[in-house]
Amino acid sequence: MFEKLQSDIHYAFNDAGLLATAMTHSSWANEQQEHVEHNERLEFLGDAVLELCVSEELFARFPGAREGDLTRMRARLVSKPALAELARDLQLELYLRLGRGEESQGGRERSSLLSDALEAMLGAVFLDGGYERARAVVRHVLAARWPCDADGKRSKDYKSRLQELTQSLFRERPVYALMGSSGPEHEKRFEVRLTLPDGTVFTAIGPSVKRAEQMAAGLALKNLESRSDG
């Protein structure tokens, strides 16, 4: 069930059970008759891994930046709202294992649960593959979010940035298509497919068409920027 997620983060787990644990909330574990490990310990580990990876990357990217500037940039990148947004871009809500009560109270959309799951996932990557693999995953999933300057400024308009990049690389624009919608009227989810000029396809599901398009554009940006890094 985690094939797409592993593809999105560019990492295939040797022990898929670690990823399953990373997506397991304590509410789900508490409902099981047998002992099941939840993601809080992995979250603790992933928080430290993320902070180190981001610190190392910022240190390398901005050799002239002062300590205060680096601290502010790191704080923006690893803040709970930023991590929740990143988790939504990866559609982690689709993989969470939640207890019935948490599910009924909208836990799948709760930012705190999503940011915790993202940190737990990074902790799982670290345990499964070591620091270098965890660092590669962090660099990949944050590819569209690294600051452009020491003030930490970076546009969040992924569609505009993607269009500029594809025009430069392919002299063509990406194509967006609405594939459908689901859910009740007050909680509709929209699926968008984005096709790059080279035929690479990305899909995203969001609470609005515009949001889904931005999410798909963010995934495409990460892909193109990781190609240039490689």
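Backbone N, Cα and C atoms are what each Cβ position is placed from, and that goes for glycine too.
Positions annotated as active site by Swiss-Prot, on the basis of sequence analysis: Asp47 (among others). Non-local neighbourhood of Asp47 (active site): Glu119, Gly123, each in the same chain, at least six residues away, with C-beta under 8 Å from its C-beta.
Swiss-Prot lists Glu119 (among others) with the feature active site, giving sequence analysis as the kind of evidence. Counting Cβ atoms from all protein chains shown, Glu119 (active site) has 26 others lying within 10 Å of its own Cβ. In the three-state DSSP classification, Glu119 (active site) falls within a helix.
Look at Swiss-Prot and you will find Glu43, Asp116, Glu119 tagged as Mg(2+) binding site, backed by sequence analysis.
What Swiss-Prot lists as domain 'RNase III' is 2-130.
Among the features that Swiss-Prot reports, domain 'DRBM' is placed at 157-226.
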Practice problem: With H, G and I counted as helix, E and B as strand and the rest as coil, say where DSSP puts Glu43 (Mg(2+) binding site). | Solution: helix
Quiz item: Where among the binding-site residues Glu43, Asp116 do you find the Cβ with the fewest other Cβ atoms within 10 Å?
Solution: Glu43
